[in-house]
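Peer 1: Pulled these from TrEMBL:
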COMPBIAS  9-25  compositional bias 'Polar residues'
REGION    1-25  region 'Disordered'
TRANSMEM  44-64  transmembrane segment
TRANSMEM  84-105  transmembrane segment
TRANSMEM  117-145  transmembrane segment
TRANSMEM  190-213  transmembrane segment
TRANSMEM  234-254  transmembrane segment
TRANSMEM  266-292  transmembrane segment
TRANSMEM  354-371  transmembrane segment
TRANSMEM  377-406  transmembrane segment
Amino acid sequence: MSAPESKDISGTATQPVRTNSNPTIATEEHEVKRPWWYSIKEPGSALQIITAAILAIAIGLVVTTQVEKVPDAARVIISIPGDLWLRSLKAVVLPLIVCSMLLAVTRLREMSNGGSLLAKWVVGYYIITTLISITLSCLMMGLVWTHQFKEVGEESLRMDEDEESTVDTSERPIHQVVLEMFQSFIPSNVVYAMANDQLLAIIITAIIVGYLIESSQSPIIRVTEEIERMITKIITWLIKMAPIGVFFLILPNLMKLDIGEIGLNLGILIGGTLSTMLIHILVIVPIIFFTFTRMNAYSYWIKISPAWVTAWGSASSAATLPVTLRCAKARGIPATIYKFSCPLGCLINMDGTAIYLPAAVTFLAATQGITLGPVDYIIVALLSTLASIGVSPIPSASLVLSIMIARSVNVELTGMYAVIVAIDWFLDRFRTAVNVSGDLFAGMIVYKMTGIEDPPEVVDEVSREEDINEKDASNRV
């Protein structure tokens, strides 16, 4: 009896054959091509999400260039649908992470040596790519972009009272930041950690609980699986609403952009940061991806576009997690891998943030006429590594970190920091898209290198979910 037909998130229908747990037996997959316009009609498809993003950008740029100032009330009202959609995604993230990590760790225990192999590959890959991205950013900033910035006058460097009130200027020694990062590993109150979305503490707690569960037949496991099934249904509906949510997230934010106020220095900051991110995600990561998988990285990146487009719209790795998991499933990555690697990647795989932090510090230094030396960049690289791994997966979480790193190399906080704050919402979207793309590249690399497959009970569970989704779709028709 063949497995039920599943729908690729990009709109291609596939007829999968159940994966054999024996890695020597190749997995077969028969694809049934449908007309290109089919994905336009499919709610929440990649083409719908991309089209919504392009329309929002086009309309936003037209309004920004033609209207002198968009009323704040208009932007707030326009943002309501997108804000509600984003809040709905965030509402399911916490139970989704807890369920995914708890079940993943339980399955890892049953895999004997396979569990430690998976953990080593996932964590090792994330740390290595973070180091690569920081090194690339420091080299690009030190050798190319730092010489393009122009020193600004004292008037621009001075911070007025309004700017000072919006910036946390309190001194935070490096040892205090490191201490707080390690303290965030262990919650003093689990309920408080869950109420305040302290995801790192929540993940560690879920890992410990999952490890302590001795049997896969435990009532806790059955309850967790049932909760995960309910969350999956909610996520399926939210993803169908993704084009609407992405459109109304991007449009009001673009209306805040005053193109006339973007000076040379800010243009160089944006151009330098984005070009470095493009080199990382379109050159370095594809080389790594092809080396380990022998797959076309660019084709794969296009197929996972719903995840990074949603990440670009939401500016939150955590809020994008439901879409990320569905993309991983659609690409054939075993649930045992992606339910462990993707939630963990939300916290420790921050390549985009790692690229941005040295760029922000270089910008603050260069506009004051300060040239950072090799030792300064080494300090920036080390601190950026720690900061990017521990940063919260929420919008604009790296703003405070850039202050701490700048002060560590004797770069004072000036009025130019307000420029970074003003444009952070824009660059944050690209950082998040890079981070989420890295999570999905990592999942496939780990799958190919470890050969880990889902156990039969997980395959049966996935098949049941597909049956339910198929029945829901037929009922709607």
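Each Cβ is built from the backbone N, Cα and C atoms, and glycine gets one as well.
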Peer 1: Relative to the transmembrane segment (266-292), which of 44-64, 117-145, 190-213, 234-254, 354-371 accounts for the most Cβ pairs at distances under 8 Å?
Peer 2: 117-145
Peer 1: State, in range form, which of 44-64, 117-145, 190-213, 234-254 has the highest count of Cβ pairs under 8 Å to the transmembrane segment (354-371).
Peer 2: 117-145
Peer 1: Can you work out which residues elsewhere in the same chain, 6+ from the ends of the transmembrane segment (234-254), have a Cβ less than 8 Å from its Cβ atoms?
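Peer 2: Long-range Cβ neighbours of the transmembrane segment (234-254): 9, 43-44, 48-49, 51-53, 55-57, 59-61, 63-64, 75-76, 78-83, 85-86, 88-89, 92, 96, 306, 309-310, 312-314, 322-323, 325-326, 425-426, 469, 472.
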